[in-house]
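Single-structure report; data block below.
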């Protein structure tokens, strides 16, 4: 699969994955100290509003804003709703388990994307064709790996807890399963979000404005959920000037702001499949950060399941690459640089 000038996009996506896992590790540390994961989503998007507002004013001071029609706004509202569901399920899952499990489960994103593409008729399933069989097999293998990670914790194989690391309470078996389920849901929402991002950016080519409008909508949506979830706990809304404040500000600037803009831009440049290719990098980053910085425990089940998920993921990727080669051979007169469609 050839991506012209892809080195810049590749570097940006690698950076985005390390950002995502670093933020997940930081948020886990904040929630371990007692911060509500629901309130965390509200505050991070609220702070992001004040970060993105001057950015939009500066960027569009001498250039026209893309026209925001009702259909486009409706699509952005849908995108924000998916983003809200993604953030709530992701950070709730991390609170129940660990950032390492969160990164492993996000590797399900390509499998979910493939399933959704079949139901929406964006992809065809013909098991007699080698590429289609590889994608189907890879999807099933990835789901099997996710079940291994969630249902089989196994014994700890690495634990670097020392006095210099932030001590975490080891999650119970029940919490681990709940966390795995929530993180699988977040992977499903991420698949939907990547597809919708690619769909919207073609009609509204402004990553910055999409992130700005989205964070406003997510703030109100997540606030409604948090008010219900934290009713009777007014202290949950108190933001302590320690790791909690640092986590919220970093998530607002680097997560809701920078990372979202990077992934939306990458979807526009290369399509959703390209974006999902980088999830295994996130798993490696999360394992390193979780074990070294948080004193998190690496379990055998996470390692085995992670390997199975990655194998399934690259089976899907290989199948897609084979299909792309066949498409290129069947349309030799169409230069690759002039292709207008996006891979899904």
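The backbone N, Cα and C atoms fix where each Cβ goes, and this holds for glycine too.
Bear in mind that TrEMBL entries carry predicted annotations, made automatically and left uncurated.
Marked as domain 'EamA' by TrEMBL: 23-150.
Beyond its flanks by at least six residues, the transmembrane segment (40-60) meets 27, 30-31, 84, 87-88, 91, 208-209, 211-212, 215-216, 218-219, 222-223, 226, 239, 247-249, 251-253, 255-257 of its own chain at Cβ-Cβ distances under 8 Å. Annotation source TrEMBL lists transmembrane segment at 40-60 (among others).
The transmembrane segment annotation in TrEMBL covers 72-94 (among others).
The transmembrane segment annotation in TrEMBL covers 100-120 (among others).
According to TrEMBL, the transmembrane segment annotation covers 132-155 (among others).
Residues annotated as transmembrane segment in TrEMBL: 175-196 (among others).
TrEMBL lists 208-229 (among others) with the feature transmembrane segment.
Under the heading transmembrane segment, TrEMBL lists 245-262 (among others). Same-chain residues lying 6 or more positions outside the transmembrane segment (245-262) and placing a CB less than 8 Å from one of its CB atoms are 12-13, 15-16, 19-20, 22-23, 26-27, 29-30, 35, 40, 43-48, 51-52, 55, 83, 207-208, 210-211, 214-215, 218, 239.
The transmembrane segment feature in TrEMBL is assigned to 274-293 (among others).
Among residues of the same chain six or more beyond the transmembrane segment (299-319), those with a C-beta under 8 A of the stretch's C-beta atoms are 100-101, 104, 107-108, 110-111, 114, 130-135, 137-157, 273, 277, 279-280, 283, 287. Annotation comment: TrEMBL describes 299-319 (among others) as transmembrane segment.
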Most Cβ pairs under 8 Å with the transmembrane segment (208-229), selected from 72-94, 100-120, 175-196: 72-94
